[in-house]
Amino acid sequence: MESLTLQPIARVDGAINLPGSKSVSNRALLLAALACGKTVLTNLLDSDDVRHMLNALSALGINYTLSADRTRCDITGNGGPLRASGTLELFLGNAGTAMRPLAAALCLGQNEIVLTGEPRMKERPIGHLVDSLRQGGANIDYLEQENYPPLRLRGGFIGGDIEVDGSVSSQFLTALLMTAPLAPEDTIIRVKGELVSKPYIDITLNLMKTFGVEIANHHYQQFVVKGGQQYHSPGRYLVEGDASSASYFLAAGAIKGGTVKVTGIGRKSMQGDIRFADVLEKMGATITWGDDFIACTRGELHAIDMDMNHIPDAAMTIATTALFAKGTTTLRNIYNWRVKETDRLFAMATELRKVGAEVEEGHDYIRITPPAKLQHADIGTYNDHRMAMCFSLVALSDTPVTILDPKCTAKTFPDYFEQLARMSTPA
């Protein structure tokens, strides 16, 4: 297996313009494909997950052109639901941001489509979404294991009164919200259970509004969506920087700044993960906000005990930042780490122990006490981009760290290690 050893880093300083947000990129691509008119998307993320969405749209007859660096996409919308000619199989890798929304959108009309992906995708639950779509009339079969992909979709979704479980993934609700306006009938979506990662629903609603569709949101418990609507292209749309990707650089600034400035997100950003900066501030770093930048300056870091349900992806970065904080850090209400690219609670606990931390792994929490001195270890990444990027921070000590399968960052940030090196002064 390929590996990358990062030597100790004395200081991290400088600015980085962030690649586009994965969450925004894949939502914008799907809405542009469903919309009337041509949309020009700029600062699109070039990554595995976005390529899977683009390949799927192409197979569904959507025409688009990409710039040489794949960050600008001119896409001609279909002016309504996507149609497959004949039976189609779409391979979506491990891209939840493609699998979940497409599973819903392709239930409009009368298609026959199979959605499949990598082995890990077949372990990521989708049963709650399928149950909700079936309530709206969709014909869906599981081809292997009940409640998991691959799925066969045979259209049939018309809207109506639908319940969705909000406790596992906000992507299920996102998928229903984006599909419902194109259903022939009105849809009432009721959320049962605690809604996880609520800020991601705000991204969805924000983008739907940009494409001309507004819905009634009753305290995130019930959404009322008029049927028979159309999405309309906004013309040009700038994808904001990825706030989850910003977390690694901001944390590096907190641990070993200098000052690190990330551009492409700021106080006006719609992504909930910008709140990660508030957590660093609570830990002792100094944060400066602009409309389109966030800067972080080193501080004396101390442990925190916090509910992280609102920023689950960025919370992973706090777990490795905790190695540099005084005291024991507790991250709570993060059960949905277990159904991501890997079981992130298990993976994080396992790898933190390798570098010497004392770790308590609960059903939905993790408690981390840093060692007096970090140990050099080979870090397993579990084919999970965020594991690789989180554990790069270990090099901000006087100990090297070896990252196994470093190229797994291609899911959201192909040149992450080059960018980190560019801003780092070796010890």
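Any Cβ shown, glycine's included, is placed from N, Cα and C.
Record note: Swiss-Prot gives K22, S23, R27, S169, S170, Q171, S197, N336, K340 as 3-phosphoshikimate-binding, and the candidate from D141, D186, D313 in that site is D313. In sequence order, D49, N94, A95, T97, D313, K340, E341 are the residues of the same chain, not among K22, G96, R124, Q171, R344, R386, K411, whose CB sits within 8 A of the CB centroid for the phosphoenolpyruvate site. Annotated pair G96 (phosphoenolpyruvate binding site) and S170 (3-phosphoshikimate binding site), C-alpha to C-alpha distance, rounded: 11 Å. Measuring Cα to Cα from R386 (phosphoenolpyruvate binding site), none of the binding-site residues K22, R27, S170, S197, N336 fall within 10 Å.
Other Cβ atoms within 10 Å of the Cβ of S197 (3-phosphoshikimate binding site) number 23 in total over all chains.
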